[in-house]
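Novice: Structure incoming, see below.
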Amino acid sequence: MASSQVGDMVNGNAEPTRHLAKFPPSLWGDRFTSFTLDKQLWDKYGNEIEVLKEQVRSMVVAGGRKAAEQINLINVLERLGVSYHFEKEIEEQLEQLFAKFEDNEDYDLFTIALHFRIFRQHGYKMSCDVFNKFRDSNCEFKETVSNDVQGMLSLYEATYLKIRGEGFLDEAHAFTIAQLESLVEGPHLSSDLSEQVMHALKQSIHRGFPRLEAKHFISFYEKDASRNETLLRLAKLDFNQLQLSHREELCHIFRWWKELDLISKVPYARDRAVECFFWSTCAYYEPQHSVGRAGLTKIMLLLSVTDDTYDAYGTYNELKLYTNAVQRWDVSAMDELPDYMKALYRALLNVYDEVERDLAKQGRAYGVHHSKEAFKEIVRSYEIEAEWFKEGYVASFEEYMKNALVTSTGRLHTTSCFMGLEADVATTEAFEWILTKPKMVAASGAIGRLVDDVMSHDEEQERGHVATGLDCYMKQHGVSKQEAIVELYKMIENAWRDINEEMLKPTAISMKLLIRVLNLSRISDVVYKYVDGYTHPEIINDHVISLFEDPIPM
């Protein structure tokens, strides 16, 4: 993210010229400042959930079920958002199913594509050759499957698990989109199935926000004549109970942010406490990660204000002072800063102290150092962009991306997210892995950086902004804006391929860690799908309300 400040104080007297971004204000007022958890309702949900979990666990491990039926059960559990209760059992089942899988089984397209997606989601490298039997001698899809809406939908979702070099899945992706759009426009689909297809075309399973997609699927599954009432009941109860937890956490975060009162001292910045918590909930929604969600949200809030300071307020000389202060990470450095920066710097140091104290209670404070170092690195890269803007410099695309992969926050968000995980998962080796600049973290950062560059380009250039990836690519290659956008989206797709490949076994680190990097990539797809939904929070307003306020009717 970049710098839009111009001018500096003359002899320390005149107020410098500042190109303010005039960001939209917070949407929420005092909406989330008070919430009282209904303990009786919580206990009621919890007691029934425990009973249902044991019933479902028995279903998962029960023998005698055909492989296709077992894969379908696992798929339903995952899409209903309750599979996290049965991770061990599901992994054991999938290991057996993958070892025994025979692609000469008389499976239809829906079933083959479902196997492919589920196996790949769990790290098993199933070959896309399994789809060859659905193509004719011209390598085109047979007419018998082209009009199979469930088969097309299943294959469409499976194509999002592609890796580099799988041209067939690229072709299948384009083909299934065209077929599904045609089928939706026709007269033969039921309204329920049509709604399901339209939602899938807008948001794929693999790139979606897990809890939001679970809520959507619950509404579809409820209308399915073959639904299992036990699974449906568990999903509804689990969503509503977890929503109560998240709402209580959001209330604590929101009150903390109001009491911190930082925005009154830096009114140029985006006020996004709710949106940062929304982001953190995508990274990890499970109940045991409440401390992690709080810490990640607080760090994201301070980074957001820091970004806006470099991007839309601070002068170059002020920013150099702030960069130096952050590198020192010492309260005495505050003396050299302008008043508004003192408030931000004090908040930064205090937030990290708070997070470190909270994690120390659980013996997990060792990751805080890595998060601090990542924060320092981002600030150094923000200053580079500020200098580029001051000089009117347009970097080569390669030079831009080298710096942008830092400002994309991939390392900081991943490190800060890992801090909130269990000590036996987020080990010291996990933090050292991040320092190696792994392909998956770089890919996640590239997705966030490039999609943001595309979606925020016009608005940022209007107010004055360092050249973004879009500008750098246009200048270097002599192409139009639209041509550059096409190329940037190709890069985004390749980044997704890299993420998918890094999650195939054997993995560099635990899948429990890699899924967090995937989730941080997913939020970029959701928030920046059509516009910059972080800067313009009304775009994701419905998502926030659905996730934190509206329970599922029982």
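Yeah, the Cβs are placed from backbone N, Cα and C, and that goes for glycine too.
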Novice: If you look at how Swiss-Prot annotates this chain, which of 21-25, 261-265, 326-330, 381-385 comes out as motif 'DDXXD motif'?
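Specialist: When 21-25, 261-265, 326-330, 381-385 are checked in Swiss-Prot, motif 'DDXXD motif' belongs to 326-330.
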Novice: If one measures from the C-alpha of D307 (Mg(2+) 2 binding site) to the C-alpha of D452 (Mg(2+) 3 binding site), what distance in angstrom results, rounded to a whole number?
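Specialist: So the alpha carbons of D307 (Mg(2+) 2 binding site) and D452 (Mg(2+) 3 binding site) sit roughly 14 Å from each other.
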Novice: By DSSP, how many residues in the motif 'DDXXD motif' (326-330) are helix, how many strand, and how many coil?
Specialist: 3 helix, 0 strand, 2 coil
Novice: Using CB atoms and a 10 A radius, I'd like the single residue among the binding-site residues D311, D452 with the highest neighbour count.
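Specialist: Answer returned by the neighbour count: D311.
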Novice: Please list, in sequence order, the residues in the chain of S456 (Mg(2+) 3 binding site) that are at least six apart in sequence and whose C-beta is under 8 Å away from its C-beta.
Specialist: T468, D532, T535
Novice: These are the binding-site residues: D307, E460. Which one scores highest on other Cβ atoms within 10 Å?
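Specialist: By the 10 Å Cβ neighbour count, E460 comes out on top.
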